[in-house]
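Visitor: I grabbed these lines from TrEMBL:
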BINDING   21, 133, 350  substrate binding site
BINDING   108, 109, 179, 207, 233  pyridoxal 5'-phosphate binding site
DOMAIN    41-378  domain 'Aminotransferase class I/classII large'
MOD_RES   236  N6-(pyridoxal phosphate)lysine
Ligand SMILES: *Cc1c(COP(=O)(O)O)cnc(C)c1O
């Protein structure tokens, strides 16, 4: 097959399955409102759970950081890209989370890839929740270690795998709050099991940090668990981008030697580290925003239950409405857009086949009347959409 034939076939397959993905340029704003195609929509699709991407002091920190350090970091952290702003942010993150060390990465995707690649060798074993994020599962597939998946949020399923002995080391991987389902991992039970069987635990808390636990420390803190590796990402509640890996001293020093995404990639700009410091301060003091978000989630779930909409087991800001097939999910998203609400239809392979869904996200920036309009519209639009 020629390249062009291969590409054409793959594109045709995607189109025929109603799974063809396209981007739409956003004209500005990714908070409560989003502007696309000359129209303003209520945004129920972003991950900026506390509205921090639009916060004055966070934006000011970016501007001041750029004025002081310039816009680029000039190299990897091992060369000249590691500044006082990065150093302070790492220490603040470590203190906040109660870990000896934090290491910054340019994205959660890079952090997950780098950690799994650096930690795992042939003869080792990775046990991952079946619904783990693509960045984790892909890292695991690429690793020379053996990959086994356990049933989603089922400690008993993990226990069966842990009971089989491994030649090398075992790393168990899960998320705090699952990105496409919004449900929470039973972290205390999982950590109890991994410790008993000598496995390390890696938790990706992309959607829990900032939102859950005292001072927004996240899912692990909330459940009283301290995994050996904790990954935080800054593209969600921090309203920015980037990630950090929290770990002990030796692991941090090891990652600085062997995590290729740290060594062979330009560090995040110092201005971004300044921004993240400001966002962290906001998050630590954001009980009012977390309360507002919780009230919005409760309002949505109560209203949706009254309308007989089928909700999932999520108490988080991620409230998926499982539709089933791709086409009806896209039709529903389109009908909501016609009514002025921006929502994303999430299709396989991001989610399992037959579980296409609207992934609705609520934020502290939403007003109660926004939730009411969403519910009213879902009620009006769901008609004729089959499961
Ligand atoms: C968003 C997300 C990532 C990727 O993080 P980025 O910083 O956007 O690259 C990783 N894991 C989970 C669970 C996520 O939701």
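Backbone N, Cα and C define each Cβ position, glycine as well.
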Visitor: Check the binding-site residues 108, 133, 179, 350 for any whose Cβ is under 6 angstroms from an atom of ligand 1, and report them in sequence order.
Guide: 108, 133, 179
Visitor: How long is the line from the C-alpha of residue 109 (pyridoxal 5'-phosphate binding site) to the C-alpha of residue 133 (substrate binding site), rounded to the nearest angstrom?
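Guide: About 9 Å separates the two Cα atoms.
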Visitor: Taking the domain 'Aminotransferase class I/classII large' (41-378) alone, what is its mean pLDDT?
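Guide: Averaged over the domain 'Aminotransferase class I/classII large' (41-378), per-residue pLDDT gives 96.
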Visitor: Which of these binding-site residues has the least crowded Cβ, counting other Cβ atoms within 10 Å: 179, 233, 350?
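Guide: Among the binding-site residues 179, 233, 350, the sparsest Cβ neighbourhood within 10 Å belongs to 350.
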Visitor: Looking only at C-alpha atoms, tell me how far residue 21 (substrate binding site) is from residue 179 (pyridoxal 5'-phosphate binding site), rounded to the nearest Å.
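Guide: Counting only the Cα atoms, the answer is 19 Å.
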Visitor: Tell me which of the recorded positions 133, 236, 350 ends up closest to residue 179 (pyridoxal 5'-phosphate binding site) in space, Cα to Cα.
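Guide: If we rank 133, 236, 350 by Cα distance to residue 179 (pyridoxal 5'-phosphate binding site), first place goes to 133.
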Visitor: For the recorded positions 21, 133, 207, 236, work out the Cβ neighbour count at 10 Å and name the residue with the minimum.
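Guide: Result for the recorded positions 21, 133, 207, 236: minimum number of other Cβ atoms within 10 Å at 21.
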Visitor: Would you measure the largest Cα separation among 108, 109, 179, 207, 233 for the pyridoxal 5'-phosphate site and round it to whole Å?
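Guide: Value for the max Cα separation, rounded to a whole number: 14 Å.
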